[in-house]
Amino acid sequence: MYHIYNTHTEEMIRETIEDVGFQAKLIEEEMNQKSSQVCRIQVNGMTCTSCSTTLESALQVIPGVQKARVALATQEAEICYDPKIVDCNKLLEVIGNTGFGGILISTGGGSSRILLIVDGVNTENCIKLIKNSLLALQGVQEIDFDLQLKKLSISYTADVTGPRDFIHVIESTGSGCYKASIFPEGREREEHRHQEIRQYHRAFYWSLVFTVPVFFTSMVFMYIPGLKNVLETKVANMITVGQVLRWALSTPVQFIIGRKFYIGAYIALSHGYANMDVLIALGTNAAYFYSVYSVLRAATSPTFKASDFFETSSMLISFILLGKYLEVLARGKTSEAIAKLMDLAPKTATLLTIDDKGKVENEEEVDSRLIQKNDVIKTIPGSKVACDGLVVWGQSHINESMITGESCPVTKKTGDMVIGGTLNENGVLHIKATKVGSETALSQIVRLVESAQMAKAPVQRFADHISKYFVPLVIALSFCTWASWFLAGMFNSYPRSWIPSSMDSFELALQFGISVMVVACPCALGLATPTAVMVGTGVGASLGILIKGGQALERAQKVNCIVFDKTGTLTIGKPMVVNTRLFKTMLPQEFYELIAAAEVNSDHPLAKAIVEYEKKLRGSEENLAWPEASDFESITGHGVRAIICNKEVILGNKGLMMEQGIPIPVEAEEALAETEGQAQTSILVSIDKELIGVLSVSDPLKPEAPEVVSILKSMNVESMIVTGDNWGTANAIAKQVGIERKYVVAEAKPAQKAEKVKELQDLGKVVAMVGDGVNDSPALVAADVGMSIGAGTDIAIEAADIVLMKSSLKDVITAIDLSKKTFQRIHLNYFWALGYNFLGIPIAAGVLFPSTHFRLPPWIAGAAMAASSVSVVCSSLLLKNYRKPKKLNTHDLQGIIVE
């Protein structure tokens, strides 16, 4: 099928096809379908919430952008867009036009992206030569080269080509004068963070070199008799040596070391908003330029005695730089969970070269990121599996606890799938790579955690709303403070004794005004929620609980009713056939062959149990041939139907048989009642509209289920069972776990499960749904919080807000408890951030000065502002000390991350 977007081209192609003897018709629907991709961009230059909200608004209005999220804590943007309307280059351009720097991290869509370092490239001609050589490769989509960093970015189709092909082409181009290697993993992001840390460290260091002498000349040496005389020596008229020194030393701090604040303020104001840089620039400029005015006036007047505040501007900048340095250090620790996840993948892998006869010709150790699809990788005992793949030779036991939470090693043999990052314990395996790069299970988990850390909690809207007005309001308060104190001094509204001997009323008012401007801290408000969410989701990942963002966290802490599915959720999910009853004369072999042939097409746990049972009866588990099933139909929540050997075979529950008009004999009713009373599931079998037999399937209860229900009850959280299984089995399971009969709903179709969730919500309950199957997906979406068992289906995992990777019900309690602890921390952060501003601004404005003569000098106010941001980040980092509730025993399985 052709996807054509130009009307002239459409008609030409249609005519050309018809000219060669075929019929052609344009399918309009395909053209009008919306498509979407999600890209991630690292954003440089954001300083506070005003920056992130302004950029988010700018991105949202771009045609083709469906959703944009900008996170101050991670310094990243996640943008969902339609690639037919807008591309990544346009998004980067808008970010640049808004005053920030952007670096593309991932493009989304079906393409893969890799970064290479290319040595030997010095001119544009070299770049053009390499680009042309690479574009000649099938599967290469887009190439971008950064000559300054020697960095090559390639977008490509992983099914067609890969990084080893690129390196080979580059090194074969230009008579072998170019050398290419993989760009260190995570280096782009880490390099930026380390560069930011180095910049702040270097700026703070140099600011100290100048600020310490300014501080000593203004506050220490003035009290040492010999030095005081030197510093008070007149240079010209009333200007002194000390004033000249302070002016000379503070100027580099103001304009060279502090130029970052000027640039940030200019960018913000030129784009119509005010950020923290505006406050810092205004505050320090007021102190610096008033001091310059005062000193110049002293230099030209024989009587004017100058007072300068050079130490105020230089010390203010120094303390803010120290705060920013500590904040960047602390902020980096909030995303350690992602780094630990990425460390699960091995650095190198053994690549095998296989000949046409399947024999190994060569072994080569390569960077694991150079693996391409269909490569064969050798994995020895004690090493990690390098990528997701298919075992083509060998047998071993794989420890998958770091991914699935399964404590017991899993046997892997030829034909079995393995997961990248898991540990090979005792045998040698040859693995054919099926998923590489961003397609692997580990990469998807990393992407899920990254996306969760980007997602804003609804409570974050509070900070976003305040940030729009915060800086302008602070500037207005600062001006009002100065004006009030200045006018009060002018009209002698307070005693002259209140004014320090080194100042006049104007200077005192100016100090109060500057203190108000620099003590206010919008950063603390902006970091209160995202840093806590980052740490909370990271802690969850380390415990095997993948929480998809702040919204899921916020809703989970309010849950007061939990709806459990039965099969695979409350039960182990590995049912076994324990009994068979035939009501008609029929060969057992033929009976089992027919039902297995029908169920082999279903992925339901009960279907798999029937197929496995038939395999054991045949005495073989591999290479079995089943009779062909035609007109197969899976009736979700009820059973299956198929035509096999010209016979209509129907397997399912009592409701399905009644719908199909199949009479149920008395002996079948008795068998149903008996099995249901034993907490077993009955599967009725009909052949050609006649009930032939009943299979009894037992799915053992998870050992932790009764304890979990009991703990939830003590937390005032109601527990319910909503299942598609029969009433007898559902009630028997409910009795075993401690759930009352009135909280049991059985024989429910998928839509009915979702309806039950909505009924509970209508009663004012905050509902969590815990399930694992396709039939649970509607209820998982309908619930306030959907929790999917990690061993469940991909659809259920996609629909859920929280994924319990270890498949342990205890993690339901841990997820709720972690969300409560995270939001307690968020509320504490807000209490501190708001409380600090509500207290700090009035104190800086001088409300305590009339009664106590206490005032907050601007440089101390600046230090307090810097400390407030650092304290909020450190408060969030305390979540890393989270421990599971004491009610849960300590026998839990290992989580995703190996601590």
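Just so you know, the numbers here start at 1 and follow the chain as drawn.
In case you wondered, yes, glycine gets a Cβ from its N, Cα and C as well.
If you look up TrEMBL, you'll see 37-103 (among others) marked as domain 'HMA'. DSSP labels the residues of the domain 'HMA' (37-103) in these numbers: 22 helix, 24 strand, 21 coil.
Here TrEMBL flags 112-178 (among others) as domain 'HMA'. The average pLDDT the prediction assigns to the domain 'HMA' (112-178) is 83.
Sequence annotations record features per position, and here TrEMBL assigns transmembrane segment to 203-224 (among others). With a cut-off of 8 Å between Cβ atoms, the residues of this chain six or more beyond the transmembrane segment (203-224) that come close are 231, 242, 245-246, 249-250, 252-253, 257-258, 260, 308, 310-311, 314-315, 317-318, 321-322, 325.
Taken from TrEMBL, the feature transmembrane segment applies to 244-262 (among others).
Taken from TrEMBL, the feature transmembrane segment applies to 274-293 (among others).
Among the features that TrEMBL reports, transmembrane segment is placed at 313-330 (among others). Tertiary neighbourhood of the transmembrane segment (313-330): same-chain residues 193, 196-197, 200-201, 203-204, 207-208, 210-211, 214-215, 249-250, 253-254, 257-258, 261, 280, 283-285, 287-288, 291, 518, 523, 527, 858-859, 861-863, 865-867, 869-870, 873-874, 877, selected by CB-CB distance under 8 Å and a gap of 6+ residues from either end.
Within its own chain, the transmembrane segment (469-488) is flanked in space by residues 50, 274-276, 278-279, 282-283, 494, 505-506, 508-510, 512-514, 516-517, 520, 522, 525, 841, 844-846, which lie at least six positions past its ends and keep a Cβ under 8 Å from the stretch. Among the features that TrEMBL reports, transmembrane segment is placed at 469-488 (among others).
Per TrEMBL, the feature transmembrane segment maps to 508-528 (among others). Away from its own ends, the transmembrane segment (508-528) comes close to residues 47-50, 52, 72-73, 275-276, 279-280, 282-284, 286-287, 290, 309, 312, 316, 320, 327, 331, 463, 466-467, 470-471, 474-475, 477-479, 481-486, 489, 498-500, 826, 829-830, 832-834, 836-837, 840-841, 843-846, 849, 855-858, 861-862, 864-865, 868-869, 871-873, 876 of its chain (Cβ-Cβ under 8 Å, at least six residues beyond either end).
Below 8 angstroms of C-beta separation, residues 459, 462-463, 474, 477, 481, 485, 494, 498, 512, 515-516, 519-521, 524-525, 528-529, 856, 861, 864-865, 868, 871-872, 875 of the same chain, each at least six residues beyond the ends of the transmembrane segment (830-850), sit close to that stretch. Per TrEMBL, the feature transmembrane segment maps to 830-850 (among others).
Among residues of the same chain six or more beyond the transmembrane segment (856-879), those with a C-beta under 8 A of the stretch's C-beta atoms are 280, 283, 287, 309, 311-312, 315-317, 319-320, 322-324, 326-327, 330-331, 333-334, 511, 514-516, 518-521, 523-524, 527-528, 531-532, 534-536, 539, 821-822, 825, 828-829, 832-833, 836, 840, 843-844. Taken from TrEMBL, the feature transmembrane segment applies to 856-879 (among others).
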Tertiary contacts of the transmembrane segment (244-262) (same chain, 6+ residues out, Cβ under 8 Å): 203, 206-207, 210-211, 213-214, 217-218, 231, 235, 277, 280-281, 284-285, 288, 291-292, 295, 308, 310-311, 313-314, 317-318, 320-321
Counts of helix, strand and coil residues, the domain 'HMA' (112-178), according to DSSP: 26 helix, 21 strand, 20 coil
